[in-house]
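Below: one structure, written as structure tokens.
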């Protein structure tokens, strides 16, 4: 396909309607027709869009395309989890489909690599390359649906939930993230409830404040430590935005949101004998007392060349019980897809050579400091 063609996956509904009116001289409802073909029927061939007049179909074929990332490899876990490496330009990101009895969740990437360097995350140890475009984010959902089924194929919505918990820090790609989220929830898009679309962040405070003014989705926060000293050791972003600043922005977001039922999901990776003592649990409980929360405990998933270990079941149970004694809803996340390196913190993809890492990191730090303010 020609690089000069406009990729319609890069437009949310408002932008697509404007494109049809301003660039094509067409009525806005024609954009809605095309969106239904793309997102409800999984169609990427204009000639097959039979309720669209032939002249418009031919015009679109000349100037536009519907291009999602291609699947490079597919791995299927014994538990039903599917991990895809998807080609974005000359690199790859990873997308994970997690089916359960009552839902099916798609874990989507927002960047090629990640600049935040969280010590327990495989992606963070690989370096940062670039942000994904709107089409590369929403295209992961489109391509996954092509494999597992669009509603017109199955008679039901196969992908019921989307979590922005793949490669990258979503809030460092806000300008492309928000239109993609809109397409996930738009009736002419994938039509998901805002309570079924979750953005996870490690604490980019200015961007979280901005997100709350732009769109309403479920929020999960990557906390992973109950105090600044420990969090800074395992999550360098804490040196820029400490826990109290982070939780302050969370509370501001919750005050604007209807998608979260007034509480945030707190993600806490349990690292053996690092952040999983009973005293850590008590400290965490006190820390969150003013932030309505449900807590997801995630036993660490080891990966090569990482110093951390997975805690024993007894340590996980003790930690969980302390939090429940304080009245918190606690879920111990079941590890899914670890036999194909698709579990939390294991996504790597095909990212940059480490010799480019310093330059990319500096650019990303400038984005944190300047662009989001």
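Cβ coordinates come from backbone N, Cα and C, glycine included.
What Swiss-Prot records for 94 is active site, proton acceptor.
Marked as active site, S-methylcysteine intermediate by Swiss-Prot: 344.
Residues or ranges marked as [4Fe-4S] cluster binding site by Swiss-Prot on the basis of sequence analysis: 114, 118, 121.
Other Cβ atoms within 10 Å of the Cβ of residue 107 (disulfide bond), summed over all protein chains shown, number 27. DSSP assigns residue 107 (disulfide bond) to a strand. Positions annotated as disulfide bond by Swiss-Prot: 107-344.
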Collapsed DSSP category at residue 94 (active site, proton acceptor): strand
Number of other Cβ atoms within 10 Å of the Cβ of residue 94 (active site, proton acceptor) across all protein chains: 25
10 Å Cα neighbourhood of residue 94 (active site, proton acceptor): matching recorded positions from 107, 114, 121: 107
